[in-house]
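Undergrad: When I checked TrEMBL for this same protein, it listed these features:
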- 1-11: compositional bias 'Polar residues' (COMPBIAS)
- 47-425: domain 'Major facilitator superfamily (MFS) profile' (DOMAIN)
- 1-39: region 'Disordered' (REGION)
- 45-62: transmembrane segment (TRANSMEM)
- 82-102: transmembrane segment (TRANSMEM)
- 114-132: transmembrane segment (TRANSMEM)
- 138-161: transmembrane segment (TRANSMEM)
- 173-196: transmembrane segment (TRANSMEM)
- 202-222: transmembrane segment (TRANSMEM)
- 264-286: transmembrane segment (TRANSMEM)
- 298-318: transmembrane segment (TRANSMEM)
- 339-360: transmembrane segment (TRANSMEM)
- 366-386: transmembrane segment (TRANSMEM)
Amino acid sequence: MSSTLSSTPSQLEAGPGKKDDSMIIDWDGPEDRENPRNWSSRRRWGHVVIISILALVTNMAPTMCAPGAKDIAADLHITSTVVSTLTVTLYVLGIAIGPMFMSPLSEMYGRVPVYHAATSIFVAFVIGNTLSKTTAQFMLFRFISGCAGGTPMALGGGTIADITSVQQRAVAMALFSMGPLAGPVLGPVIGGFVVAGKGWRWTFWLLAILGVFFGCTAVLVLRETHPKVLLERKATYLRASTGPSDNASCAVAHSLRDLPLRGISLYVALVFGVMYLLFTTFTTVFEGQYGFSTSISGLTYLGLGVALMISMVLFNLLNGRVQAARMKADGLQKPRPEYRLLLMVWFSPFVAGGLFPYGWTAYYKVHWLVPILGTSLMGFGAFFVITPAQLYLIDVFGSEAAASALGANNPLREYYGGEKAEEDS
């Protein structure tokens, strides 16, 4: 495969007020093997799989301990319901804040160092949660691990933009999106059995073990993909006079100012917040209303998981066809970024369509299968909101600043997630 990067040549300038002796550093032709988009399929998909797993593990963390929330409160002498809810929401708020700093760093110094640093911090402070003796220790470690845990989710889109063409991007992004979406679903399923068998502290030990294993795998597999960083390595003798690019900060600022992007970010934040609000009700509904045990109540999240798998397959089937049809109708040779949002428009009503049967049937204690079907519809619609939005941001900003754009999108999404959960308490 070969591709050219229209926006990736690194331009190194003398600076304002100086003689213009700019030099453009580019790939050695469209077949340059150092261009990540020209890597072998096996190597590129290896990167997609690893970053997807890292995102999955770090997004299991906010909810894996949820089945043991009562035990955590008892061990750490937490008597306030609001403080108890912070065991989940502080991690989510950390996810909102961390990428604001990590994403721009990845645009300046490369993706790989930031991935490795964030994974190390995540593991260290998850172990801190395991060993916590006081509420203050637990909450502090929870927040810091969340700051680091949000990094794979924010940087993953940038990595995918680095190594895939526009035509291949949707499939890779659909797989990657399963991490942030399936992680909070899979966490309580595993956590319910771990809490029942080994206690709540072992939910964090398990996260630490997974973090170490896949972090070490990432060290072996991941290589730098950011085109600007790779091209600047070809011109290191000029770098001292140029300094880091400010593209990343521009991307963040622009993405926060641009009205359409802000609207999309708010909508994604709302859907993500509703998802976390939904998660916080599962224990009350299925243990309180239906009398499920702690371990069995975790299995109720599987309805969401199945829906996410179905939505991923359907998205991959429809995305290319929809783009091709719109390109033909508009007489274009290349798809517009806005085409990514068509599936969002079509399928987003499933979010509300799933919430209504869940809330109504659970309240009246209709058979437990019916509210689970409602959560499945909600998860199905949520996938078609979040994944197209991420693809749109990547297509708009390109590989140069995709991670920073997604990092700027994260705060609203995770803030809403944390706030919704706190409001529910």
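Placed from the backbone N, Cα and C atoms, the Cβ positions cover glycine too.
Curation plays no part in TrEMBL annotations; they are all automatic predictions.
Have a look at these and tell me how they're positioned relative to everything else.
TA: Taking Cβ pairs closer than 8 Å, the transmembrane segment (45-62) reaches residues 88, 91-92, 95, 115, 119, 122, 126, 145-146, 148-153, 155-156, 159-160, 163, 172, 175-176, 178-184, 186-187, 190, 207, 210-211, 214-215, 217-218, 221-223, 225, 276 in its own chain, all 6 or more past its ends.
Tertiary neighbourhood of the transmembrane segment (114-132): same-chain residues 51, 54, 58, 61, 76, 98, 102, 105-106, 138, 141-142, 144-145, 147-149, 151-152, 155, 201, 204-205, 207-208, 211-212, 214-215, 218-219, 222, selected by CB-CB distance under 8 Å and a gap of 6+ residues from either end.
Long-range contacts of the transmembrane segment (138-161) within the same chain, counting only residues at least 6 positions beyond its ends with a Cβ under 8 Å from a Cβ of the stretch, are 47-48, 51-52, 54-55, 58-59, 61-62, 72, 76, 86-87, 90-99, 102-103, 106-107, 111, 114-115, 118-119, 121-122, 125-126, 128-129, 132, 169, 172-173, 176, 179-180, 225-226, 390, 393-394, 398-399, 402-407, 410, 414.
Within its own chain, the transmembrane segment (202-222) has Cβ neighbours under 8 Å at 46-47, 50-51, 53-54, 57-58, 60-61, 64-65, 68, 111-112, 115-116, 119-120, 122-123, 126-127, 129-130, 190-191, 194-195, counting only residues six or more beyond its boundaries.
With a cut-off of 8 Å between Cβ atoms, the residues of this chain six or more beyond the transmembrane segment (298-318) that come close are 67, 170-171, 174-175, 177-178, 181-182, 185-186, 188-193, 279, 282, 286, 292, 343, 347, 368, 372-373, 375-380, 383-384, 387.
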Undergrad: So what pLDDT does the domain 'Major facilitator superfamily (MFS) profile' (47-425) average out to?
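TA: Average per-residue pLDDT within the domain 'Major facilitator superfamily (MFS) profile' (47-425): 84.
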